[in-house]
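S.K.: Below are the features I grabbed from TrEMBL:
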- 113, 114, 115, 116, 117, 118, 119: ATP binding site (BINDING)
- 391, 415, 416, 417, 418, 466, 470: meso-2,6-diaminopimelate binding site (BINDING)
- 21-99: domain 'Mur ligase N-terminal catalytic' (DOMAIN)
- 111-319: domain 'Mur ligase central' (DOMAIN)
- 342-468: domain 'Mur ligase C-terminal' (DOMAIN)
- 222: N6-carboxylysine (MOD_RES)
- 415-418: motif 'Meso-diaminopimelate recognition motif' (MOTIF)
């Protein structure tokens, strides 16, 4: 594809040269000859510093952020040097054009929210596989087809990689793609150029304030998802206060469905809704009678527990219905869904305490998980957790207060300290304790897990919170092996 074709409607003044572009690149270290190089300021560095290197490696052309830079600052070159204002926001549309707009050829289902993105994404991918719709997945647990995910470091890929992934899914005959949509990537415009069939929202609670600064900025980033062009349907959790505020406005903008655990809440919104009429968590798993715009449906699942999982299933049901599956088909696949790795992942050996691993690392998530486990706990409820370093310090005492209120015994340990002093993190957390319940502190996470399992009795439940699916621990820039599930299996086999 020629450079002028890529820049249609963006930049038309290609006079001296119009090279063929063989690929797209924004990392000069990975650039190969004939690729178009994008140079713009990022969070940690300014890509314009590497223009000379890109030219030396054979870049076909350079697109650079024009704000804060002039041609006088650029090296001499015999290739096109194209200034683009707000280049970061144009990167996605350019990449989409290069890869022939892959999101136009298959349904792309996006899920955003503080908690529940990964679980809902996996539930949807599993459901679509069961319904004979091969489904690509992009998210925290990896990218690829369901059950064949390749690990990734980012919830949402960069703009170029995202379009390449979507193009690959199209080539491999995927019939849908389900994607976790993070607030960081929304704020960084990485989703520009992707046309979503469905945009869904789970909830918004305190998290990522180290990046966004305020809850208002965090909420604004999430809300911006629904302003992306091409969205055919929005699905929001009406039990969330932010969604309640957004729904009336969104309903004027595009087709909207609201889902809720509470009939009264849904009725207030005057928006088509999916609502739980009756539910039961007393037995193993969950059951619910659900009222929808398409009729009533009964769902039952023996593998999932907790109100938050029922809320997740309402989202799944609504998305599947938007893809024109029948309520009977949806009810059947929902009954077979199982827990996601690191999300309410349960380990149980007869005669010993039940151990649950969950990714809960925000105040709201920790509270939801502990309350769900309390419904099934006949003995003591233990809570083992820590807080990540180089992240929002304000949530640390909040999580302590929640653990103290909802659990019977607390074990404090390391999460991912990153570059912070682990003892300082623990001190920050401890400011939230009132002293009403026992707290055991052990920096070594494996030792803390061992202590918890030794203390717990047969009818107790031990929650190991914070790291979920992660197989490493970040300390001073080094990834050390640390897998909660592996450690629990090892300990249970020896006790």
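Keep in mind that glycine also has a Cβ here, set from the backbone N, Cα and C atoms.
Curation does not apply to TrEMBL; its annotations are automatic.
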S.K.: For the motif 'Meso-diaminopimelate recognition motif' (415-418), what are the same-chain contacts with Cβ under 8 Å, counting residues 6+ beyond its ends?
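M.R.: Here the qualifying positions are 361, 385-391, 425, 445, 466-467, 470, 473-477.
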S.K.: Apart from 391, 415, 416, 417, 418, 466, 470, which residues in this chain have a Cβ no more than 8 Å from the mean position of the Cβ atoms of those residues at the meso-2,6-diaminopimelate site?
M.R.: 361, 386, 387, 388, 389, 414, 467, 473, 474
S.K.: Restricting the comparison to the binding-site residues 391, 415, 417, 470, which residue's C-alpha is spatially nearest the C-alpha of residue 116 (ATP binding site)?
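M.R.: When the Cα distances are compared, 470 comes out closest.
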S.K.: I need the CA-to-CA distance for residue 115 (ATP binding site) versus residue 417 (meso-2,6-diaminopimelate binding site), whole Å please.
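M.R.: That comes out at 21 Å between the alpha carbons.
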S.K.: Using the alpha carbons only, what distance in Å do you get between residue 417 (meso-2,6-diaminopimelate binding site) and residue 117 (ATP binding site) once rounded?
M.R.: 24
S.K.: Please identify, from the binding-site residues 113, 116, 417, 466, the residue with the sparsest Cβ neighbourhood, meaning fewest other Cβ atoms within 10 angstroms.
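M.R.: Across 113, 116, 417, 466, these binding-site residues, the one with fewest Cβ atoms within 10 Å is 417.
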S.K.: How would DSSP class residue 116 (ATP binding site) in three states?
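M.R.: The three-state answer is coil.
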S.K.: Please list, in sequence order, every residue of the chain apart from 113, 114, 115, 116, 117, 118, 119 whose Cβ lies within 8 Å of the Cβ centroid of the ATP site.
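M.R.: Along the chain, the qualifying residues are 111, 120, 180, 202, 203, 312.
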S.K.: Per 10 Å Cβ neighbour count, which of the binding-site residues 115, 118 ranks highest?
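M.R.: Counting every other Cβ within 10 Å of each candidate, the maximum falls on 115.
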S.K.: Which has the fewest other CB atoms in a 10 Å radius around its CB: 117, 418, the listed binding-site residues?
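M.R.: Candidates: the binding-site residues 117, 418. Fewest Cβ atoms within 10 Å: 418.
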S.K.: Measuring Cα to Cα, how many angstrom lie between residue 113 (ATP binding site) and residue 466 (meso-2,6-diaminopimelate binding site)?
M.R.: 17
S.K.: To which of the binding-site residues 415, 470 does the lowest count of other Cβ atoms within 10 Å belong?
M.R.: 470
S.K.: Checking the binding-site residues 114, 117, 391, which are within 10 Å of residue 222 (N6-carboxylysine) at the Cα level?
M.R.: 114
